[in-house]
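*Asks:* A single structure is presented below for examination.
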There are 6 protein chains.
Amino acid sequence: MRPSGRDFNALRQVSIETGFSRHAEGSALIRMGNTEVLCTASVEGRVPPFMRGQGEGWVTAEYGMLPRATHTRGDREAARGKQSGRTQEIQRLIGRSLRAVVDRKAMGEITVTLDCDVLNADGGTRCASITGAYVAMVMAFRKLRTNNVIKSMPMIGQVAAVSCGIFQGNPVLDLDYAEDSGADADANFILTAAGGIVEIQATAEKYTFDEASFNALLGLARKGTMELFAAQKAALG
Amino acid sequence: MRPSGRDFNALRQVSIETGFSRHAEGSALIRMGNTEVLCTASVEGRVPPFMRGQGEGWVTAEYGMLPRATHTRGDREAARGKQSGRTQEIQRLIGRSLRAVVDRKAMGEITVTLDCDVLNADGGTRCASITGAYVAMVMAFRKLRTNNVIKSMPMIGQVAAVSCGIFQGNPVLDLDYAEDSGADADANFILTAAGGIVEIQATAEKYTFDEASFNALLGLARKGTMELFAAQKAALG
Amino acid sequence: MRPSGRDFNALRQVSIETGFSRHAEGSALIRMGNTEVLCTASVEGRVPPFMRGQGEGWVTAEYGMLPRATHTRGDREAARGKQSGRTQEIQRLIGRSLRAVVDRKAMGEITVTLDCDVLNADGGTRCASITGAYVAMVMAFRKLRTNNVIKSMPMIGQVAAVSCGIFQGNPVLDLDYAEDSGADADANFILTAAGGIVEIQATAEKYTFDEASFNALLGLARKGTMELFAAQKAALG
Amino acid sequence: MRPSGRDFNALRQVSIETGFSRHAEGSALIRMGNTEVLCTASVEGRVPPFMRGQGEGWVTAEYGMLPRATHTRGDREAARGKQSGRTQEIQRLIGRSLRAVVDRKAMGEITVTLDCDVLNADGGTRCASITGAYVAMVMAFRKLRTNNVIKSMPMIGQVAAVSCGIFQGNPVLDLDYAEDSGADADANFILTAAGGIVEIQATAEKYTFDEASFNALLGLARKGTMELFAAQKAALG
Amino acid sequence: MRPSGRDFNALRQVSIETGFSRHAEGSALIRMGNTEVLCTASVEGRVPPFMRGQGEGWVTAEYGMLPRATHTRGDREAARGKQSGRTQEIQRLIGRSLRAVVDRKAMGEITVTLDCDVLNADGGTRCASITGAYVAMVMAFRKLRTNNVIKSMPMIGQVAAVSCGIFQGNPVLDLDYAEDSGADADANFILTAAGGIVEIQATAEKYTFDEASFNALLGLARKGTMELFAAQKAALG
Amino acid sequence: MRPSGRDFNALRQVSIETGFSRHAEGSALIRMGNTEVLCTASVEGRVPPFMRGQGEGWVTAEYGMLPRATHTRGDREAARGKQSGRTQEIQRLIGRSLRAVVDRKAMGEITVTLDCDVLNADGGTRCASITGAYVAMVMAFRKLRTNNVIKSMPMIGQVAAVSCGIFQGNPVLDLDYAEDSGADADANFILTAAGGIVEIQATAEKYTFDEASFNALLGLARKGTMELFAAQKAALG
């Protein structure tokens, strides 16, 4: 029995609301159960110095968590003066995941920065960030396309992410905090609608696991991301 | 004529929604027109080292702005590695303003931290933060009272804040960004429902101003905060 | 009775000595009683990147306190690796105050940096910094005028600052440390010789205050700054 | 054809030399081809504050690269004042991997810190670090056992790591820099001698990949780590 | 001919004024020509953690330069967020030099911090700092002795410092900035009144030098410090 | 009797191995007894901003110590976020010492960065760094000469360094850690093969010392560096 009473292969309730941010070129407020992440896509008409003159665009991401998104208040990273290793790891993952579905040559020399800020946390924030950031990014590219800044949509795939894990010996889909904090193992799957693997991060927490378990998790992730792809499409109209 | 078409003494539409944060002891999402600030109050059962053993509580505040709360994306302070002078100035102001309406002896040795995070910015974020933080703080104290952590409510006043300014020669209430960025002068008034002045910060932007103008601004602030006190009461039920 | 025995409307003894710094384009060592601040004005033949090409100059300020300017030694900010919120707040105030009396177009694209370093502290250091920095800045502009770097003096006003407060229920002028640390409320007034208000920062410390009290403080500040304007003129010869 | 001429399933030449560090409780200099990493295990008789009083030990890792371990000199992280996101990600991975094979209760309240410093880099440094750190850690535990600091060896598994990737369409084992920088996809496998999965990180670089490819990589990793387990055992005598 | 017209073996005019700082336990404003350094000695009733419980005191130093102490304005280290290597080197030297003349057991577990802040710089600031800090430290110990915090004066020597150099081929005493910036070689000598060497730092700037030159510099330093010892004694009354 | 049993004027066993680093333009792994330092010379085809356009090259150095090069593990400076004062002092010394034997005009506008990383520490690491860095630098210049990047070798001298000290009252050559930590005084001598003094840093540790002792130390340093010059020549072939 899962703490939430969900079936082993059930996602939490998902909603994706576009346009929450009044200024960003694209934005999506994604909710997966009690996890809520505000994803914005900001466009800048140039690329970082190390990429100039190559005729390609850049997609990057930053991640943050409001201090009281969590059960007990966490330090504000801006006040502490540095981002944690966890934060950096997550924002690097988001950036890689989104770059995997963009033709950067088709972007031209512009930068899209995806800011994913967790307003409420209940597990799975990095996966929700990727799923929401995809929507925000598409919104931003549409705006650029409408304004003729780009000639065609540079998307070459649709990406979403979900975490799965082994909880009390059973593979389950879309861990919430109660499950995540006590899982035997967990894994984040970043997959494309075309069936490709963008990234897999699987980690033994309490016990090492075998290939059969791993394959069960991957199977759940396939199912879960199918539903997320549908939610993204619905949000994008 | 104001850019928004508002009367010179009209506040923007105000709403205060409690309970947005799922984990915080108290929270308020305040909207003043297009400015939206999420205020949370977090309670910790001890005080900072410099206050230990004095039998008094502490109230402090932190302020942040999501990178894309603004027209153009701002640097993430956590990534830059330090909070700007503006951020520090604002969070110090919020902390002082809230401490002014609390009997810290009645708190006992606990700390309330008010986090004010701007989700969308359209001028007046520090004033909205103070007005919203008051609601979040009262919610937190109510919860502590219910749980018998404190014996009585330690509130000794009700505080709210509003900015006024001289725009194209005329005193106006509750500047939005379009006015704020072109004002001759502006002023933040932090006032109590009992009529007391907690803090005034009045600054010449384009031109110095005289006492008559200053008094006109103070009069507008009295009117504006009366409406904010009512909105706070309504939110607190 | 004030701790110092001064009348409620009496400034401390003021002296302003120019030329203490051997290298700066302008400098003033200001003493207000036991508070001593060394103010230097340094000229650089360019403006910060965000202002280039606009044909305007820039005036900025930095503030510091020697570790043992105070009763007990404070941390050296350079050693701690960052400036406190208080320091940043003060240096931002000094910069705004001085910019209010300069025609930046008349400066051309140069930067004047005002460094205000407190050698001995006995209350009122930010106000003394502003009053002294005015003198240092005028000295620097005179030197630039003499050397034909600028065609005319870009000063459009004379600025000085003084703190007032409510001490044991009574409004008093020019708080020293003994008063400041126990005041009911205090306020910093930055005024021009022409009668304009540049900035007001009024803060309830122990108790909120009403408009009548506020007006009494403003009246004292008018009197005090009149004397400071005279002292500035005398120092400038 | 691989740039190095190796078979698709061939490791580079591996050597593990113990005792290079004169002071560390355990140390291993691991070479995988031209990649060389010095791994030391340092023991401290206490645990970090968040773990005190629980009767368990702690294993943590730090990773660094000498500035000129690479083709072009990289910034020294100590001089830049912070560790990169990549560095933090790697050292967190090393720590997790080693903790997976230790019974922390059996350690008692001591901390083992694994420092992995890359002297020469030619791809695969994080995997070499894990494989070498295992040897250094066992050496340290043996010393503690000999000195009766611990009553039994707290090892509950043997861990090693290897990277695999898809290079020019073909799955290959143990990527060197020439392959790594041009791979279609790469994956790091951290496995135990008992056949368990500790961690998998698989990333599409140029193209997304499918499950068949992923399984091919996992098969190669099984073969590679078998050889690494043998090399570890030989080094440990 | 020296730029200043001084004889090769002539110090600049030296003055040491005690009591400039109103709060410090001891203070000395030392002037060597146009170099002016404010030295304060602050006493704290405990020692740093690494020294606790050993019954010995600690003497340490911090050094700073006001931004416009120099010909062109330097960055404020507090604003830049770190002390330069030069600053750290100097403050370590000052601390070592003063510790060399103190019996730390006789101090008991107290800390004396020597702050040396350069108000005007014209070469030789580290040597002036040491010479002035000695006076400030003795003043502080006298005060502690008067208050019976210590039972006897813990001084075991008198220390002063002077720089010498080879300027246009000739050994000269007490380099000012004009000489220092063009010297062939320079050396700082920290000597005791009893004839002991505390520290020598000799550096070839343009050319390496031989032992004969070095000995000539040491001879000059002997003469110069004799005069400084007399100035210290005069200042201490 | 020295702890190592060496004669008072005996160096530890010295070896210098070139080519340890696979990528650096020049490298030397120097061992002096149990002290081992990896020195690399990296060439970059430009100079720092402050030197551009002057037609001269630049030589600079960075120094580091692996966390477990020492008896007890030291903090990793990259993790702590700053280099210690000791580190900065040492790397500034190495840079000055190497620049003293290079004709920077003959280099052209290139930068040589010398990285000295201590793998094992047993005293004398800064001196070993200088002696080894000389070899690495010559290797790099030879490579540049071979590739016709420079027209002639820019070396104008040969430099080596050794520490001497007064141990239990007796002057001894080449202090190891056991001696260094208990020495009465120690001194680092950086000398050239032509007999010139590049830098001397002599410090009283327990007791001040006199000229006769100092001269004895210098004599030992002459002898020791003669042997080091021979070892450098042998390593350079």
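Every residue gets a Cβ built from N, Cα and C, even glycine.
Note that TrEMBL annotation is computational and uncurated.
The shown structure was predicted, so the numbers you read here are calculated from the model rather than taken from an experiment.
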*Asks:* For the phosphate site that TrEMBL gives with D:G124, D:T125, D:R126, which of D:R76, D:R80, D:R86 also belongs there?
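*Replies:* Of D:R76, D:R80, D:R86, D:R86 joins D:G124, D:T125, D:R126 in the phosphate site that TrEMBL records.
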*Asks:* Using DSSP, tally how many residues of the domain 'Exoribonuclease phosphorolytic' (D:11-140) sit in helix, strand and coil.
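*Replies:* Residue counts for the domain 'Exoribonuclease phosphorolytic' (D:11-140) by secondary structure: 42 helix, 41 strand, 47 coil.
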*Asks:* A 10 Å Cβ contact count, applied to the binding-site residues D:R86, D:R126: which residue has the minimum?
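*Replies:* Fewest other Cβ atoms within 10 Å, among the binding-site residues D:R86, D:R126, is found for D:R86.
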*Asks:* Measuring Cα to Cα across D:R86, D:G124, D:T125, D:R126, which the record gives as the phosphate binders, how far apart are the two most distant ones in Å?
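*Replies:* Site span for phosphate, by Cα atoms: 13 Å.
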*Asks:* Are there any residues at least 6 positions away along the chain from D:T125 (phosphate binding site) with a Cβ closer than 8 Å to its Cβ? List them or say none.
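*Replies:* In sequence order, the residues whose Cβ lies under 8 Å from that of D:T125 (phosphate binding site) (at least 6 apart) are D:T35, D:V37, D:M65, D:I90, D:V118.
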*Asks:* In sequence order, which same-chain residues at least six apart have a C-beta under 8 angstroms from D:G124 (phosphate binding site)?
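*Replies:* D:G124 (phosphate binding site) has long-range Cβ partners D:M32, D:T35, D:V162, D:S163, D:D174, D:L175, D:D176, D:D180.
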*Asks:* Can you check how the pLDDT averages out over the domain 'Exoribonuclease phosphorolytic' (D:158-224)?
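*Replies:* The average pLDDT of the model in the domain 'Exoribonuclease phosphorolytic' (D:158-224) works out to 97.
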